[in-house]
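Copied from TrEMBL, the annotated features are:
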{"type": "TRANSMEM", "residues": "49-67", "note": "transmembrane segment"}
{"type": "TRANSMEM", "residues": "285-304", "note": "transmembrane segment"}
{"type": "TRANSMEM", "residues": "338-361", "note": "transmembrane segment"}
{"type": "TRANSMEM", "residues": "367-389", "note": "transmembrane segment"}
{"type": "TRANSMEM", "residues": "444-463", "note": "transmembrane segment"}
{"type": "TRANSMEM", "residues": "470-492", "note": "transmembrane segment"}
{"type": "TRANSMEM", "residues": "554-577", "note": "transmembrane segment"}
{"type": "TRANSMEM", "residues": "589-612", "note": "transmembrane segment"}
{"type": "TRANSMEM", "residues": "618-636", "note": "transmembrane segment"}
{"type": "REGION", "residues": "673-697", "note": "region 'Disordered'"}
{"type": "COMPBIAS", "residues": "684-697", "note": "compositional bias 'Polar residues'"}
Amino acid sequence: MNHTFPISPIITLDDIVCSICEAPAYNSDVFNGSSHSLSPLLFRPARSISMRIAIPNALFILLLVYISTTVTTQSREYSSHRGPFRTSYVFMTVHNKRTGEQSKSCVNYQQYLRDDTSSALIGYNFETAHPFVFKFWGGTYNRTKVCPLPSSSSGDQIVYNDGVVPLDYRIEDDGTPCTRPFVQSHTAFRNASQFTIDTLKQHGASVSLLVLDRGRMFINTWKDYLFSDFFDPYINSSAAIPTFYIYRSDLIGKIMTVTNKEDMGEDNIEIRFHRPSGFPIDPSFIVIWLISMTCVAGGGFWAFNRHRAGKDLSLAQRMDEEEQKSNESAKKGFFDKFAGMVTIALMMVTLCGVLLLGYFFRSVLVIFFNIFLVIFGTCSLYGCIRGFFSNFSLSSHRWYKAKMGWMPTCCGLNNNRQYSEVFVSLVCLSFCVTWFVYRRQPYAFILLDIINIALCMHVLKCLRLPSLKWISILMLCMFIYDAGMVFGTPYITSNGCSVMLEVATGLSCSAKEKGKGYPIPPVEQESVPEKFPMLMQVAHFNPMNECLDMEVELGFQFTILGLGDIVMPGYLVAHCFTMNGYSERSRLIYGIVSIVGYGAGLIVTFLALALMKTAQPALIYLVPSTLIPIILMAVCRGEFKNIWNGVPVDSAPLVSDSGDMVDGNKSITNSSAAMETASDELAESNSTSQENQPVNV
């Protein structure tokens with residue numbers, strides 16, 4: 001008994017099937033996203049259904065919604081797009097369905113810069129990748145030469161549908177008309193790869209696998225190598241079938257070992273291309289963030305401990321005495337009145353001069369800074385190691401303090417040197433010299449980062465600026481300098497490249513444009529530019545790093561951060577930890593806030609780098625993120641005037657372990673009676689700290 005709704009019209013399943021049968025023919029190409037699981041039912045002839053089933057209109061609508069949803073879901077699964085990829089490397093896994101054997105190798109993907117690569121073509125893993133059938137050209141086992149072409153009159157035509165066909169990347173002259181057009185001149189080879197791909201496409205192949213001989217000398221003294229940025233610019237990537245490149249040694253050693261003629265004839269050999277999606281954020285950003293935070297926070301807290309131990313007393317007193325003499329002089333010259341501004345102006349002129357020198361004479365400047373880093377890196381490592389040991393009881397042992405009394409006095413050196421000092425100095429010097437000798441090796445950046453960390457912390461724990469005012473002026477000048485050199489100089493340089501970026505990396509932006517000219521592997525370049533040493537460098541955590549051939553690549557791709565982006569905000573952090581006239585609690589609050597601001601600014605820098613896909617001047621994010629919170633907090637606490645102008649060292653003791661010695665809401669006068677008391681407290685606290693201070697803070 002049929003139950004129908006009187007209001008709804010009746011639609012039969014025959015009508016549905018017939019309507020579907022009148023639709024356009026089904027396209028089975030999995031890469032256009034039209035494949036779905038309903039095809040066996042929907043494209044069955046209508047006459048195969050003999051019964052008529054009444055379907056209410058509401059149920060029919062639900063059925064259509066279900067079909068539409070199912071088709072859409074399946075289509076999205078197969079047609080989601082990937083790319084562009086950072087490098088052209090992908091994994092290729094060959095699988096013998098009969099024996100279950102598998103072998104994975106690295107290949108290069110021609111269309112890696114496109115943003116519409118199907119996730120079925122290059123899956124996220126082996127399981128999600130589409131299986132292609134591995135076939136040889138002309139049905140001849142182990143044949144990789146495209147010429148001579150198969151005869152079109154042959155009765156037995158080989159079907160290459162859904163197949164991967166390996167063919168030689170270079171076409172050699174075999175005396176036939178097929179190869180002659182590609183060996184007639186020095187430039188004729190440019191059309192060979194396009195001819196090979198077009199031939200495969202005409203014969204219905206789905207994927208082309210071009211085979212190279214590693215290091216083979218080709219025309220114009222070129223050698224064939226596969227590397228991160230490899231692709232063939234003479235191939236029309238948009239019209240070509242998916243194209244991959246593989247070394248012949250991998251084809252023979254990794255693919256042919258799991259294949260044989262019988263399995264090839266029965267289509268038991270399948271190939272899948274896949275590439276892991278990697279991390280949402282490159283972990284190199286996190287590592288360099290941790291390194292920078294270690295430098296800034298470590299330098300700030302180290303400066304705080306030195307301040308507590310009275311190490312800053314002599315420096316602060318000397319600065320105040322010079323300022324007082326300048327203020328008391330009846331007549332002030334230009335340099336006396338504007339000494340701070342002149343100093344900052346000279347500093348900025350020097351920075352611009354060094355940058356321009358690096359732009360025009362980069363190799364000379366790189367050598368100079370390499371030597372500079374060996375010398376000052378040794379001193380910085382020495383200071384950091386000695387300072388670290390001073391926190392332990394071993395620094396007070398007799399053997400640690402033993403002196404080299406037997407050493408003769410000469411060249412200004414006395415015989416009061418300790419054995420431990422000489423030993424640590426030799427270790428630090430050996431470390432820096434080792435980096436200098438092996439600095440062009442792929443993993444030398446680890447040694448460089450250690451040296452630069454020590455250098456940053458050593459600078460921050462020693463250098464001081466008198467007030468927030470001068471720090472702010474300097475940071476604003478560096479803000480303008482950094483933004484101008486990165487964003488402004490491309491408008492005035494002949495090649496449209498950033499001066500800052502070219503000096504730091506040695507790479508011209510015009511030379512990195514994709515699709516213009518044949519890519520040259522780093523090992524074949526006349527001179528691979530050496531990176532500027534005053535950089536923190538962390539290699540990208542690319543999931544395809546295992547494919548890198550270091551004999552060809554000569555190094556990793558890096559996330560870099562200049563030391564100025566650490567030291568300049570670090571000045572403010574160190575100042576917050578060592579401000580005169582404030583208790584330890586207040587200095588800790590200001591210091592921690594500045595560290596948090598620096599960390600947040602660095603995160604914003606990395607986000608801008610990821611979103612804009614171009615180099616960023618870090619100081620345009622770091623200066624506001626560190627300076628503004630300190631100013632706002634000082635205003636809220638009513639301490640802005642004192643912090644902005646600075647508190648003279650003779651107004652309050654450097655060491656303040658209990659309570660504020662100076663109230664930020666009160667004016668400070670040098671002639672008050674309280675100053676005598678403060679001076680006595682200063683002398684007492686300083687002598688106490690000097691008695692118990694570590695060997696080397």
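Every residue, even glycine, has its Cβ placed from backbone N, Cα and C.
Contact between the transmembrane segment (589-612) and the transmembrane segment (444-463) is absent: fewer than three CB pairs lie under 8 Å, with pairs separated by 6 or more positions in sequence.
By the count of Cβ pairs under 8 Å, the stretch nearest in packing to the transmembrane segment (285-304) among 338-361, 367-389, 444-463, 470-492, 554-577 is 554-577. Ranked by Cβ pairs under 8 Å to the transmembrane segment (444-463), the stretches 338-361, 367-389, 470-492, 554-577, 618-636 are led by 367-389.
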